[in-house]
């Protein structure tokens, strides 16, 4: 259960005041002696940190895994993974070949972990499935009005959208991407793709020559303390000639591949944003089907990159999708992306649309923002990266819905030309070099941000928001938010940055609570709340958090987000 933030903040601030007045060597001494190896409360019990071959509780457990063979294995049933599966089956048919394509997806249903704005540019879809209209693709809302503005605290400055600019949405469709992905899954299965929702890819398998051999799904039936349950079952191995990784932004398997094959050797570090989204039913008199609105500016300061969207859908009821994006290179550790989103909704140009309406859904996810300069090497022995995993996102368009094309073909395609043409947009707003995790300033150098209390009508608290995401995980399993060192959160993140993870997480997963016996605070991880956005893995200033997959089927249950 979460403790209200106001109950722990004063103690955290008092602790910080003491640290600020201490000399550097005193701080090091304090950090070293506050928690010893025998007094640090154990938080992480996952086998990726505590190997099972050294745990006596696992000595009699049969660890044999069954294996299946396929021609191609795809990890992730988002737009890229499903498009790849469909195209492979199309090519096989064109060449009179039979191939087995298996696709694994960690969500319980196809589309349940999918979240995006989303304005869909149909060019890639028309190349993949030219008869998409006849097939009943859920593209119901054509963009009829495009608006852009700069917000100040009390006003909105309109900015004309000239033809040829990246933000032009003429000819695009406002979609509920989860529904679109579900439809893509149906098209893939009709072509013979084997789609397995509820199976999380937990491990990359390698051949003796160092090439990717396939993946293994996660084990199930493990207690929270890391011990095997009576119901323990080993995961399944899927071997393939080619494995395609379409995990989405900041995939945990892709992270391993970047390191093993040095895929980022010739590109810039990837930068990220966090996108938060809500769906609202509004007063029908305020509903403008087909209208697309984007803004930049307030409530963010000039040093913080971000902006908003507000889309009016046309799906038989007065529905709007609205969201807020904050660049994760922000510097003030007191910033809360969730609270910035809630504050934005009270702007005089936004609030009237929502008044009298009802919020029906909430979610969040990280998104790639590095653009052209941050695209890594895509192919490696036995596999490729596709979609948002390597970072195919057109930042000014806020779009990354492309059919995968590799690798020389990609550089000859319209996708490459488009990414190249907007390559300087995001870097022009990025004033410092390095990864997003390194941008936070110490709390002593920053001013705490006073956010208004939610009114329960336009703005809301975090826990009631997470409840609308349908998020659920099996409680009795090791937390999938793992820590390389359990002592780092208190001794480093809390001491220097006043615990920023309790603010940058959009789901209330991390909180500092009083130690049960004695003085001080400890980090509590509420893994059941996790919406799988990956923000913690990206923004943690100590890079101590490693997000891994929980049991398959856990996570949010988005309905058309």
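Using the three backbone atoms N, Cα and C, a Cβ is placed for every residue, glycine included.
Keep in mind the model is a prediction, meaning the values are calculated, not measured.
Annotated features in TrEMBL:
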DOMAIN    71-134  domain 'FAD/NAD(P)-binding'
DOMAIN    272-367  domain 'ETF-QO/FixC ubiquinone-binding'
DOMAIN    456-559  domain 'ETF-QO/FixX C-terminal'
Structural state census, the domain 'ETF-QO/FixC ubiquinone-binding' (272-367) (DSSP three-state): 15 helix, 43 strand, 38 coil
Per-state residue totals over the domain 'FAD/NAD(P)-binding' (71-134) - DSSP helix, strand, coil: 22 helix, 12 strand, 30 coil
Confidence summary (mean pLDDT) of the domain 'ETF-QO/FixC ubiquinone-binding' (272-367): 97
